[in-house]
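Encoded as structure tokens, the structure appears first; notes follow it.
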Amino acid sequence: MESGIPTYREKQTGFWACHNPERLETAKAFRENPSLVWGWYLWRRQQFSKAQPNAAHLALREMAGSMGTVSIITQNIDDLHERAGSVDVLHLHGSLSKPKCFACHRPGMVRNESAIMEEGALIEPPRCTRCNGKLRPGVVWYGEDLLPDVWKSALSLVKSCDVLISVGTSGIVTPAADLPNIALACGATVIHVNTVDVGMGAPNEIMLIGRATQILSHLSAFLSRELNSP
């Protein structure tokens, strides 16, 4: 949101106001109208490319620089963390920049388009170089499970961390919503950063209410001072 990317729960505008993202982002929708779904994702990819990392992304990168091991687990499918300079980023729901074959699931490649996408354009998906199947976005669609190796990596990181900072999550989308509870159960301190109180009342839990850009910037500056003080 603070980078200018609307959430799924925001009202879309223009052509896409007539299409529910939760219906477009399914395997069924892709089978029935691949050109519509592919056009939707290319349009979204174009919107993402216009966005810039915000102060929250930059603060997380700075924390990694001053604290050593900082891993980022994100539900976002954009590349703003990477463009901010973060290296250890795990995308639970996949990445918009990494398509794969709908038939054989082999990773594919899509060239970066410099032309401005027309909103609502119907675009035929490119083909897989191995089986000639249609390429689909490399993201987790509604009704699909997370990739097992990705979820396994996320669990390993959460179970072994000292501190988990949970930023902006609604607590609705599972299994990602379970990660703070898992960290608490393993003895980690959990810091919630949100505009509303989402804490669960655990003794090793901290609730920071406000915008992620402001709170993470202050937290990064505070940690830097503490770590660099004599």
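Note: Cβ is positioned from N, Cα and C throughout, glycine not excepted.
Values in this document were obtained by computation on a predicted structure and should not be read as measured data.
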Among A64, A154, A212 - the residue Swiss-Prot places in the same NAD(+) site as Q75, N76, I77, D78, G168, T169, S170, N194, T195, V196:
A212
Whole-number Å only: compute the distance from the Cα of H93 (active site, proton acceptor) to the Cα of C131 (Zn(2+) binding site).
25
Between 0 and 100, where does the mean pLDDT of the domain 'Deacetylase sirtuin-type' (1-226) sit?
89
I need the nearest neighbour of G168 (NAD(+) binding site) among the binding-site residues C101, C128, C131, using C-alpha distances.
C101
May I ask which of the binding-site residues R44, C101, C104, C131 is closest to A212 (NAD(+) binding site) if we compare their C-alpha atoms?
R44
Radius 10 Å, atoms counted are CB only; among the recorded positions R44, H93, which position scores highest?
R44
